[in-house]
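Visitor: The structure that follows is given in the form of structure tokens.
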Amino acid sequence: MTIPDKQLAAVFHTHGGPENVKFEEVPVAEPGQDEVLVNIKYTGVCHTDLHALQGDWPLPAKMPLIGGHEGAGVVVKVGAGVTRLKIGDRVGVKWMNSSCGNCEYCMKAEETICPHIQLSGYTVDGTFQHYCIANATHATIIPESVPLEVAAPIMCAGITCYRALKESKVGPGEWICIPGAGGGLGHLAVQYAKAMAMRVVAIDTGDDKAELVKSFGAEVFLDFKKEADMIEAVKAATNGGAHGTLVLSTSPKSYEQAAGFARPGSTMVTVSMPAGAKLGADIFWLTVKMLKICGSHVGNRIDSIEALEYVSRGLVKPYYKVQPFSTLPDVYRLMHENKIAGRIVLDLSK
């Protein structure tokens with residue numbers, strides 16, 4: 001395969017809205033030590049990409065930036081020292097691009113909180129380009145049974161909600177409450193939870209999302225635009241409160257309510273990060289009910305392998321729509337307006 005010197009990429013030079021995204025010709029990078037060059041075939045679009053564009057997180061992003069961190073493609077070149085991967089391997093490029101491998105966190109398989117972590121599409125250029133640099137240690141090998149367009153959303157959305165469900169400590173037959181259940185992460189969380197024998201209370205709005213999450217195994221769907229008292233509705237559905245809550249909604253109000261959904265002794269896992277959102281937990285009831293709050297922003301390398309295994313076995317099926325790469329600005333607009341059910345996957349060939 002001939003690798004070109006230049007390629008098309010979606011670049012933004014300043015923070016702002018979809019109009020700031022420009023399709024430009026940029027150089028194809030050379031893989032360095034322990035790196036590979038991946039020809040990206042498909043990439044998902046995540047809400048984190050919107051935060052990177054808008055610049056509304058306290059973590060600064062590099063500028064100019066090529067966003068994207070749900071890439072699936074083929075290794076076309078390997079850098080010095082790479083033995084794990086070879087040309088032709090099908091791999092995924094994730095939010096976590098690399099970590100140091102030597103700190104106390106990496107040594108405990110907690111590389112997601114490595115102080116030297118590099119993030120695809122945020123601190124380093126990501127997957128909104130035809131050829132992307134990936135760290136050979138962190139690139140995830142995609143099973144042959146999983147199509148690349150299916151694997152793309154798993155690289156962030158799937159891994160993230162799978163790890164968060166593990167953090168919830170919810171056991172078989174117990175209730176997990178998922179605000180934001182109809183979105184890109186949420187519809188996958190419903191499926192992973194079902195595959196892990198949890199019972200699901202899904203919170204979102206709209207008949208299309210209700211139908212979607214019920215088809216994936218949610219026992220209860222609560223529409224936040226129709227329920228007069230969401231906390232009481234969750235308690236009624238679960239006979240006293242959920243054994244765990246997974247907050248995936250991008251609405252700050254979800255965090256104001258989430259502690260109220262909880263059964264005594266349960267765990268609330270914070271995943272989504274709406275700009276400026278605060279946790280609305282009454283300290284008295286947090287203490288008396290012995291509630292636990294756990295942050296979980298992404299999974300590690302073994303979580304990535306396990307998350308793909310569920311897909312390979314047919315237990316999890318991303319709900320997605322493939323669109324041309326050229327439609328990325330429109331996807332940002334729809335995402336900002338909360339009008340996307342499931343995931344949008346971009347075809348880099350179009």
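Don't overthink the numbers, they just go from 1 along the chain as shown.
Backbone N, Cα and C define each Cβ position, glycine as well.
Checked Swiss-Prot, it gives:
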type    : residues                                                                        : note
BINDING : C46, H69, C156                                                                  : Zn(2+) 1 binding site
BINDING : H47, T48, H51, G183, G184, L185, D204, K209, F224, V271, M273, S296, V298, R343 : NAD(+) binding site
BINDING : C100, C103, C106, C114                                                          : Zn(2+) 2 binding site
MOD_RES : T205                                                                            : phosphothreonine
MOD_RES : T250                                                                            : phosphothreonine
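Let's see these features in context: how buried, what's close, how far.
Guide: Counting Cβ atoms from all protein chains shown, C46 (Zn(2+) 1 binding site) has 25 others lying within 10 Å of its own Cβ.
Proximity of V298 (NAD(+) binding site) to non-local residues of its own chain (separation of 6 or more, Cβ distance below 8 Å) is seen for K94, W95, M96, T112, C156, I159, T160, R163, given in sequence order.
Other Cβ atoms within 10 Å of the Cβ of C106 (Zn(2+) 2 binding site), summed over all protein chains shown, number 19. Under the DSSP three-state reduction, C106 (Zn(2+) 2 binding site) is assigned to helix.
Under DSSP, T205 (phosphothreonine) is assigned to coil, being neither helix nor strand in the three-state scheme. Neighbour density for T205 (phosphothreonine): within 10 A of its CB lie 17 other CB atoms from the protein chains shown.
Taking Cβ-Cβ distances under 8 Å and a sequence separation of 6 or more, the neighbours of T250 (phosphothreonine) in its chain are H47, G180, G183, S272, P274, N338. DSSP gives T250 (phosphothreonine) a coil state; it is part of no helix or strand.
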Visitor: Tell me which of the binding-site residues C46, H69, C100, C103 ends up closest to F224 (NAD(+) binding site) in space, Cα to Cα.
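Guide: When the Cα distances are compared, C46 comes out closest.
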Visitor: Can you tell me which of the recorded positions C46, H69, D204, T205, M273 is spatially closest to C100 (Zn(2+) 2 binding site)? Compare CA atoms only.
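Guide: Checking each of C46, H69, D204, T205, M273 against C100 (Zn(2+) 2 binding site), the shortest Cα distance is to H69.
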Visitor: Can you give me the Cα-Cα distance between H51 (NAD(+) binding site) and H69 (Zn(2+) 1 binding site) in Å, rounded to a whole number?
Guide: 13
Visitor: Report, in whole Å, the straight Cα-to-Cα distance of C106 (Zn(2+) 2 binding site) from D204 (NAD(+) binding site).
Guide: 36
Visitor: So what sits near C114 (Zn(2+) 2 binding site) in its own chain, CB-to-CB under 8 Å and at least six residues off in sequence?
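Guide: The list for C114 (Zn(2+) 2 binding site) reads S99, C100, C103, Y105, C106, given in order along the sequence.
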Visitor: Identify, among the binding-site residues H47, C156, the residue whose Cβ has the fewest other Cβ atoms within 10 Å in this structure.
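Guide: Output over binding-site residues H47, C156: least Cβ neighbours within 10 Å is H47.
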Visitor: Taking the Cα atoms as reference points, how far is T205 (phosphothreonine) from C46 (Zn(2+) 1 binding site) in Å?
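Guide: About 19 Å separates the two Cα atoms.
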